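J.: Copying in the features that Swiss-Prot gives for the protein in this structure:
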COILED    1-52  coiled coil
MOD_RES   Met1  N-acetylmethionine
DOMAIN    5-55  domain 'CHCH'
MOTIF     8-18  motif 'Cx9C motif 1'
DISULFID  Cys8-Cys47  disulfide bond
DISULFID  Cys18-Cys37  disulfide bond
SITE      Phe27  site 'Important for interaction with PRELID3A'
MOTIF     37-47  motif 'Cx9C motif 2'
SITE      Phe41  site 'Important for interaction with PRELID3A'
Amino acid sequence: MNSVGEACTDMKREYDQCFNRWFAEKFLKGDSSGDPCTDLFKRYQQCVQKAIKEKEIPIEGLEFMGHGKEKPENSS
């Protein structure tokens, strides 16, 4: 699947490959000692955010695209 920004598509594929490799070769085998794809994700995230702004796509709460951020607690 392509990214929201054409310029971001290669970054998305690179991140997807990195994540899938890490998930299959490390995480599923019990090694959760780190995510080697963090820098790729951050670059891809910035590219997508820029594309969304350039295309003037109205998205409330763009901060949901954070990596490793805690989810806000629900007030039930």
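Heads up, the Cβ atoms here are built off N, Cα and C, so glycines get one too.
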J.: On a C-alpha basis, identify the one among Met1, Cys8, Phe27, Cys47 that is nearest to Cys37 (disulfide bond); the candidates are the recorded positions.
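T.: So, of the listed recorded positions, the one sitting closest to Cys37 (disulfide bond) is Phe27.
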J.: Which three-state DSSP class does Cys8 (disulfide bond) fall into?
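T.: Looking at the DSSP assignment, Cys8 (disulfide bond) belongs to a helix.
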J.: Rounded to the nearest angstrom, how far is the Cα of Cys8 (disulfide bond) from the Cα of Phe27 (site 'Important for interaction with PRELID3A')?
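T.: Answer for this pair: 26 Å between alpha carbons.
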J.: Return the average pLDDT for the motif 'Cx9C motif 1' (8-18) as a whole number.
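T.: Averaged over the motif 'Cx9C motif 1' (8-18), the predicted model reaches a pLDDT of 93.
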J.: Can you check which residue among the recorded sites Phe27, Phe41 has the largest number of Cβ atoms within 10 Å of its own?
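T.: When each Cβ's neighbours within 10 Å are tallied, Phe41 tops the list.
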J.: Out of Met1, Cys8, Phe41, Cys47, the recorded positions in the record, which is closest to Cys18 (disulfide bond) when you go by Cα distance?
T.: Phe41
J.: Could you tell me the C-alpha distance between Cys8 (disulfide bond) and Phe41 (site 'Important for interaction with PRELID3A') in angstrom, no decimals?
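T.: If we compare the Cα positions of Cys8 (disulfide bond) and Phe41 (site 'Important for interaction with PRELID3A'), the gap is 11 Å.
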